[in-house]
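As given in Swiss-Prot:
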type	residues	note
CARBOHYD	N11	N-linked glycosylation site
TRANSMEM	21-41	transmembrane segment
TRANSMEM	43-63	transmembrane segment
TRANSMEM	88-108	transmembrane segment
TRANSMEM	110-130	transmembrane segment
Amino acid sequence: MTLAEEFRSRNFSIYGQWTGVLCIILCIALGIANIFSFAVLRIIFSVLCLISGLILIFIEVPFLLRICPTSSKFDAFIRRFTTNWMRAAMYGVMSVVQWLSLLPGSGASSLIVAAVFLLIASIFYALAGLKSQEFVGSKTLGGQGLVQMIV
C-alpha cells in the first residue's frame, strides 16, 4: 500500500500516526528551543516536551524498538500503546501537560504549538476508536511490511 493509498483509506489511525510524526518533530524542536529560557517553569515544560518527543519516536516508528537497544521494561511500556484508545489517552495527557505550560509563572511560549498538534493526534486516534477502526500502522513508518524485511 502506497502512502497515497493509506491516506485514502480514511482510517483515522493512519492520520493519527502521521500527525504523531509531526508531533515528534515539533516536540523535539520546541523542547530544545524553549529550554534556553530564564523562566524555570518554561524550562521544566520544555524538558517534558522533549521527553514526550523521544517517547513518541518509539511509539510511532515501531521498527526502532527492534534496532535500538532498549530495556525490557521500556519495551513493555511502549507496547501498552498499541490500541487507538490508549494512544488517544497518551496524546491527550501529553497535550494537557503542554497546555499547562501557559501557567502564569511560565508565560505563553511556542510550546502551545506542540499542545495543539498533540491534541489533534489525540482526536484522530479517538475518532478511530469511536468508529471501531482497527489500528493500522503505516508501512512507510515501519508497519508490518518493513518489520518483516528487517527480521
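Every residue gets a Cβ built from N, Cα and C, even glycine.
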Close approaches to the transmembrane segment (110-130) from elsewhere in its chain (Cβ under 8 angstroms; 6 or more beyond its ends): 11-13, 15-16, 19-20, 22-23, 26-27, 30-31, 33-34, 42, 45-46, 49, 52, 83-85, 87-92, 94-95, 98-99, 101-102
Residues near N11 (N-linked glycosylation site) in space but at least six apart in sequence (CB under 8 A): A128, Q133, V136
